[in-house]
Amino acid sequence: MAQPLWRCGVFMLALLPLLFWFYQAQQGLLGPDPGKVLLEHLGEGALILMLLTLSLTPLQRITLWSGWSLIRRQLGLWCFCYASLHLMSYLAFLLNFDFSRLNHELWERPYILLGFGAWLILLLLSLTSNAFSRRKLGKNWKLLHRLLYLGLVLALLHLLLILRSDFGSWMLYAGVGLILILNRLFGLRSP
Amino acid sequence: MLIHITPRSACRSSEITTETAYLSRRHFMAGTGLLLAGAAFPSLATETASRYEGVTPAPVPAWLAPKLAKTQWRTTEVSGEAITPFRDASQYNNFYEFGPEKRDPATHAHQLPTEPWSLIIDGEVAKPGRYALEDLFSPFTLQERIYRMRCVEAWSMVIPWLGFPLAELLKRVEPTSSAHYVGFETLNDPEHMPGIRSRFALINWPYVEGLRLDEAMHPLTLLAVGMYGRVLPNQNGAPLRLVVPWKYGFKSIKSIVRISLLSTQPRTTWQSMAPQEYGFYANVNPDVSHPRWSQAQERRLPNGVFSSNVRPTLVFNGYADEVASLYKGMDLKKDY
């Protein structure tokens, strides 16, 4: 497959859910509390994108197709985009832009702090995702970007702490995350 | 018994503007039209189908039909507040027996057979037994109560319930002198309740709730059989549910099959799952945070992406004048 086409297709696929949710919110299809639904969709989307981003290297090793790594940076940035919109929704829909409450909420509620930590990692990785930073950081770049695994753990804990009764989808995400982490620690290394 | 609202628990007129702000023009006009029609043609007032806009009609159970005709409408009001549209009140529900998502109850609850239904009353009562719903309620007159409903998740609605004061029922079965608490139990029917079948649900079914006897006997405490002038939709707790308007919504247990008069305080479902988050009393209190979020404000539903409709939460959900005396001398930060 031609590289630009593949990248462009992935771009469209990642953008599509955002457009769809925006359309649903516009049409009043998200129910009586649309902000809360958007918030949850965006958070779940960010988590899925995080898992996908971390799956690309193992996928490349299994399928021996180099196309996977071509979209790694893009998916990572999409993950940051979803996570940022998730954070924005929290500020807008739950805190009603009352920033005096943010500080309090941050320290009172461990899951808020965990989520914020995950977002800070994504911010740092996004800022250093360009070719310049990569050159500048040299070997350290790879180490730095392994922080995404920590981001994943924080994000999973963040979700776990807010769940109330049904853990079905959390188990799925955590299961995939665990496989990725175990693979990173004990799996096949690149030659 | 007719309950007349005290002026302070009714919503202040200053709240009118904020409430109507989110209403679409169409909705507003339709509501005004209905009011005008009601004033011009008093006979419309008993016409349940037209009382509220956008209500899905439902067949009325035989035992309820004669009661519906004699209903005392609007025995409590929340003046100046818009009633939540029926669609939202019936499609955005917490009823974990039908699944963990807000839409699950509306999707799955229609499978539940609610007729015939019987209620077990046991424990510290002179007249325990298994009662058929129609026999149990035959002496009572239906009342409509318009109550604010505040969910522990920091959202709220305004809902017109149809029901009877729980006190009337309790008096009928004659609690003994050692009855100090009332326990309630929801139907546990895995066949018709997919949430109970889920392997990942943490709740220990059946769902149980409880009240102190004086709370249960309070005139605001309602056993509801209907809402919006019709029978309860299954997802809202048909055929019989509790409504305790000054407590978080999870206290208002749905689809009740057992009421037990008890001498000691029962352990309730959420309290046993997370005692630091859900107390036995669960009175609406803006000063006591849920550990995972503040309870100082609430989102009045429906809201929109560009109209968050956030408002301050009131002590006892605005019913302090009526119920604060029940908790005299108690530390509500400790007994949350």
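Cβ atoms are placed via backbone N, Cα and C, with glycine included.
A TrEMBL annotation is a machine prediction, not a hand-curated record.
Feature annotation from TrEMBL assigns Mo-molybdopterin binding site to B:N93, B:Y96, B:E97, B:C151, B:T186, B:N236, B:R241, B:S252, B:I253, B:K254. Residues or ranges marked as domain 'Oxidoreductase molybdopterin-binding' by TrEMBL: B:114-270.
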Tell me, how many other CB atoms lie within 10 A of the CB of B:T186 (Mo-molybdopterin binding site), whichever protein chain they belong to? 23
Inside 10 Å of the Cβ of B:I253 (Mo-molybdopterin binding site), count up the other Cβ atoms and send me the figure. 26
Let's check the environment of B:R241 (Mo-molybdopterin binding site): how many other CB atoms sit within 10 Å of its CB? 23
Taking the residues B:N93, B:Y96, B:E97, B:C151, B:T186, B:N236, B:R241, B:S252, B:I253, B:K254, which the record names as binding Mo-molybdopterin, find the longest CA to CA distance and state it in Å to the nearest whole number. 18
I want to verify one value. Collapsing DSSP to three states, which class is B:E97 (Mo-molybdopterin binding site)? helix
Have a look at the binding-site residues (B:N93, B:E97) and report the one with the fewest Cβ neighbours inside 10 Å. B:N93
By the DSSP assignment reduced to helix, strand and coil, which category contains B:R241 (Mo-molybdopterin binding site)? strand
On average, residues of the domain 'Oxidoreductase molybdopterin-binding' (B:114-270) score a pLDDT of 96
